[in-house]
Amino acid sequence: MDGVHLGENLEDKDTEFTWEVKANDRTYHKQFKKKGFLCWRQKKYKSNAIHTAKYNIFSFLPLNLYEQFHRMSNLYFLFIIILQGIPEISTLPWFTLFAPLVCLFVIRATRDLVDDIGRHRSDKIINNRPCQILRGKSFLWKKWKNLCVGDVVCLSKDSIVPADLLLLASTEPSSLCYVETADIDGETNLKFRQALTVTHHELTSPKKMASFQGTVTCEEPNSRMHHFVGSLEWNSRKYPLDIGNLLLRGCKIRNTDTCYGLVIYAGLDTKIMKNCGKIHLKRTKLDLMMNKLVALIFLSLVIASLLLTVGFTFMVKQFKAKHYYMSPTHGRSDAMESFFIFWGFLILLSVMVPMAMFIIAEFIYLGNSIFINWDLNMYYEPLDMPAKARSTSLNDQLGQVQYIFSDKTGTLTQNIMTFKKCCINGCIYDSDDEHGTLRKRNPYAWNPFADGKLQFYNKELESLVQGRQDRAVQEFWRLLAICHTVMVQEKDNQLLYQAASPDEEALVTAARNFGYVFLSRTQDTITLVELGEERVYQVLAMMDFNSVRKRMSVLVRNPEGSICLYTKGADTVILERLRSKGVMEATTEEVLAAFAEQTLRTLCLAYKDVEEDAYKEWEPEHQEAALLLQNRAQALHQVYNKMEQNLQLLGATAIEDKLQDGVPETIKCLKKGNIKIWVLTGDKPETAVNIGFACQLLSENMIILEDKDINQVLERYWEDNVHQKAFKMMTHHNMALVINGEFLDQLLLSLRKEPRALVQNAVVDEVAQEPVVSALDFLQKRRISQMWRNAGPSLGTSHSADSKIRESPEVQRERAFVDLASKCQAVICCRVTPKQKALVVALVKKYQQVVTLAIGDGANDVNMIKTADIGVGLAGQEGMQAVQNSDYVLAQFCYLQRLLLVHGRWSYMRVCKFLRYFFYKTVASMMAQIWFSLVNGFSAQPLYEGWFLALFNLLYSTLPVLYIGLFEQDVTAEKSLKMPELYMAGQKGELFNYSIFMQAITHGTITSMINFFVTVMVSSDMSKAGSSHDYQSLGVLVAISSLLSVTLEVMLVVKYWTLLFVGAVVLSLSSYVLMTSLTQSLWMYRISPKTFPFLFADYNVLFEPCSLLLIVLNVALNVLPMLALRTIHRTVLKQRPKGEEEAPSEEVAVEPAMRHLRRGIPARRSSYAFSHREGYANLITQGTILRRQTHVDDSDGGTVCESLNPPEEDIPLQNKDSVFNPRKISILAKKRRHFFGKGSQEEVHPNTSSQTMEKQPTIHRDSETQKLPTTTSATSGKLLPSASEDEAFYSVASQYTLASQPKHTDVHSSFWKSPLWRDSASSSPSQLEVPRKQS
């Protein structure tokens, strides 16, 4: 399946540790050979040169011919040409097929050669990149292709790693090396690699590196991107190696001046190249159908030839019986005569397979590719990047795409994080400078440390900061300046932040602009400049992010000696750790929901003052847990959790992860065209889901299924396999899947032969000591069980029970998963490797039999791009590997809309019309050969002149059909984009299929019968009246009638008339007149009477009025009935009742049975991409990661993060069995918890809200004190209740009702829309309006 074998090649099989690399010893590696093709032996250690091209000078001709003859039509034509070379059976001149076939081969070979030259150029650019290689005792600049295994390489900042290297040393402390892996796994965050301590201390100069003679023994080259095991033997000692010591090819060196590495894998042996599948010849659905149709036509011609041969045999027997005296003149037996006449008929009818159609199709594909290249609407001016069709044979398939598989990083997003809003003490602060007008006047002029690039500015908030009266505001910005792992450097008297995440950098920069400047840090201190005053905080403990905690905390002692804990994290873990939950906390939670509705990435901030005695009691426990050798992570987690209780909420931040321009609109439009979009990313689930909401791939009313839920669905799928209905419930609901790479391994590998240890080894980033919790625990079991009760017995397989039994367990599992996923509106696959991306695409292709498109911009997308039917590479993002292996190149994701809905749909429609008309006109003209055989004694005598047979499809009727293939339009480009529903015709194959093919054949057969038999009958009467009636006149009359009939037919089917089309028709008919005048001239007859036998045949016929009238009669009989039928058909369609025409489908008409599963209130999504493994806090506290103050860098950074739900011990006992158990309901699939407090233990009745609606309090900022007033009931003094809309599922009442927020609280209040909550008792809305994203 296009380079991906299901399951078996998900990860490479366990390999022996037989790969030995000796430093600085090329001779050692050259002696090793491995078995190659047949008896050839090749080098075991490959060079670093890569070759993505298919051909070279010697292999081009044989390989290209081999690919050409994969087409059934070419084999057929070659076979007929061979037969034509036998004089005894040849019935047509040799040039009728030989010249067109040669022309076809030359055109296709030229196209393939041009495409491959482009690949050679791309390979040359990469292979000739420079790098420094150790030669002797110094480093010399060499090309990448000259790099060999065992070489020592020197890399500088911002350079790309040329091969898989073992990090030996770097200029950073402890030989750390920061790399960006965006071109490998799609993540723009910074990851660090570290050299062994022994190499860090010993290899300190080029001279010592030249004397380095260590030997690395490791696993054979494989595709496991996150796994590496080996050992270094040096000076009679062995040192263990893992993936943390390896720099992978394609990584970019960041924040590191210089590093040194030993080449372990080179060229095609590198992990990124192992993840790139082989180049396969992609064939369109129409191309594959054409192979079948050619075989069908050939079979039909064989049958027709057999029947005509039978007629010939019967006729010969009758003739010999009647004229027995002529028998001695026949030297051959009847059987021999029949044998020769059969092949004669086969050659005669070979013109029924139109070779010219394949030639013209090449020009059509080329022309449509040029139109894509010329489309200025897909030209990206900032990069001077037009769209480019690198493949010219897939244009029609662009109009049949049903699944799009998209990368996230760099494809959907720009990877630009912007601080957009914040909420402090329950008050929302938006930016006063949305359009950048204030930044021109430098509103932060009072702050010398301010970063002018920050787009967020709020004058009121600035006044609060400078007033120093509101502690919540001060602690808010102080927390952002302290609680992080950002590194700081100074360059040209400017502070440069090197963050592990763009999120963190945005937060710290925002604090910096508001006067709380992170200045520097040491192993146990952090220095801030707070409103011009320098303050040093002692770091007592740094509680880092991991995959379970979903939060980060820093315990510090301020200069006054007080201890304070600062915590930031996901709202689901922060809110449940608050000391109390009052109105301000409730307001903040409502604001979080509003931010989430605007697809902003939110983060909660909280703090608490810690008593000295409490710290002294906690610190020994912390030290003891930190010194454990076993279960250290679990012990630290428990200690951290003990400290992170009774917090005081400060507020929340909102960060925008910028999408590329037009992404939401593009996805919305494509979904209207019935195109399903799957996101396959190596990034974290939280990040991917946030982007899913931002780009409108996911919506708030979707039912989102994750790993555990899918397993339950699939189990029921297998149990109920006796049912014939396939996922009926899924068609009525808006559902989505969010799954991770580990789940894919478990799902698709659990029943295969590979050991499970292989799957476990593939995910080495996981913290083994952490509690095992699903990364996305979206839905609780109650929802799933209720789903099955509603679904009943309707959920089954689409295949019969018998076929299901015959399938292997792994095939059943794969089919069940694909069937489930295909019923969902969206699928997001997170943490997937490049090979897993290709596997998902291959699974859909195998079980759904649909056209797939993959789009990406990095090397991690190459395998997916190659596996899909159509590969689209985005240029200018993460290198050129995706572009080099793609079929089409775009600069922006939004251009995909025009590529598919305009160029793709047009190309498909044009090719379909072209094929239908070409088959029709071929049969309409050439079927007369069969009818002529019926009246000429089955003699295999051709009816037409040989030149007419050779030039009819190649010249006489070519230009009109070429116009259809290049310029035909049913609607304009603008209407194609406005009506994406038109695209569904291509997905269903409505414009050309076997039914339409048979219609074209039937129509052509009727046309040929009219042209031939009417001509024969009328000519008989004409001969009785004294007009000439001979064989050549009959052939000319039928030929002219056929030519005019098919020309008028194309004039009827063309919808887009231009002067160019009129010129094409005139030129085609003129070419017939000119060529016929030449081939039937006396001059050509004298040269070769055998080749030009029709002397003045057209002249003799056309100068007879009866012949002209006969031609008009034939054309009228062919055209007028079809014109009448089309007119009647269009009239009936126009008069069809509107209700009948727009009747909804069964899927749309059916009311969903599970409304309570929908999320009526938007869930919050955390702004932080939580770490998939431990963060960098331990390195900071150890001093390992800290930089020298003199070091300067200006590079960007990123992070490695992931989010998991809190462990069981973090959940309050009263909530463990509740529907609000956070382990059961994730931030993506749950309603917000309405019980807010421990403050009131009294029962709140639902009718309270209806009694007090008239006196709802107002939540606002007091202009003087800036405090949030207490909100109580006017009648009872209790907090006002509110209930959720979804009472069928959530029945816990709220403790309060939010009132309106004054207009002055948000400078963009005009953009605020309807409230998120409504009172359950009275349907009147609450008056708190929350801002939505500006349109």
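All residue numbers here begin at 1 and follow the chain in the order shown.
Cβ from N, Cα, C; glycine included.
Owing to the predicted nature of the structure, the values given are computational and were not obtained by experimental measurement.
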Membrane_side_equal(Y66, S1020) from Swiss-Prot: yes
Distance check against D857 (Mg(2+) binding site) for the recorded positions D407, F545, R601, G682, R831, keeping those with Cα within 10 Å: D407
The transmembrane segment (947-967) in contact with the transmembrane segment (996-1016), cutoff 8 A, at least 3 CB pairs, sep 6+: no
DSSP-derived helix, strand and coil totals, residue by residue, for the topological domain 'Exoplasmic loop' (968-995): 16 helix, 0 strand, 12 coil
Predicted model, mean pLDDT over the topological domain 'Cytoplasmic' (317-339): 75
Result, the transmembrane segment (296-316) in contact with the transmembrane segment (1034-1054) (3+ CB pairs under 8 Å): no
Between R831 (ATP binding site) and T409 (Mg(2+) binding site): CA-CA distance (Å): 12
Intrachain residues whose Cβ lies under 8 Å of the transmembrane segment (296-316), provided they are six or more past its termini: 72, 76, 334, 337-338, 341-342, 345-346, 349-350, 352-353, 930, 933-934, 937-940
Other CB atoms within 10 A, centred on T409 (Mg(2+) binding site): 29
DSSP three-state assignment (helix, strand or coil) for R601 (ATP binding site): strand
Intrachain residues whose Cβ lies under 8 Å of the topological domain 'Exoplasmic loop' (968-995), provided they are six or more past its termini: 285-286, 289, 377, 399-402, 669-670, 672-675, 850-851, 897-898, 900-902, 904-906, 908-913, 915-916, 1054-1056
Long-range Cβ neighbours of the topological domain 'Cytoplasmic' (939-946) (under 8 Å; 6 or more residues past either end): 91-93, 95-96, 308, 312, 341, 344-345, 348, 928-929, 932-933, 952, 1032, 1034-1036, 1038-1039, 1079-1080, 1091, 1093-1094, 1097
Site of maximum Cβ density within 10 Å, from recorded positions D407, G682, R831, N860, D861: D861
Among 340-360, 918-938, 1105-1125, stretch most in contact with the transmembrane segment (75-95) (C-beta, under 8 angstroms): 340-360
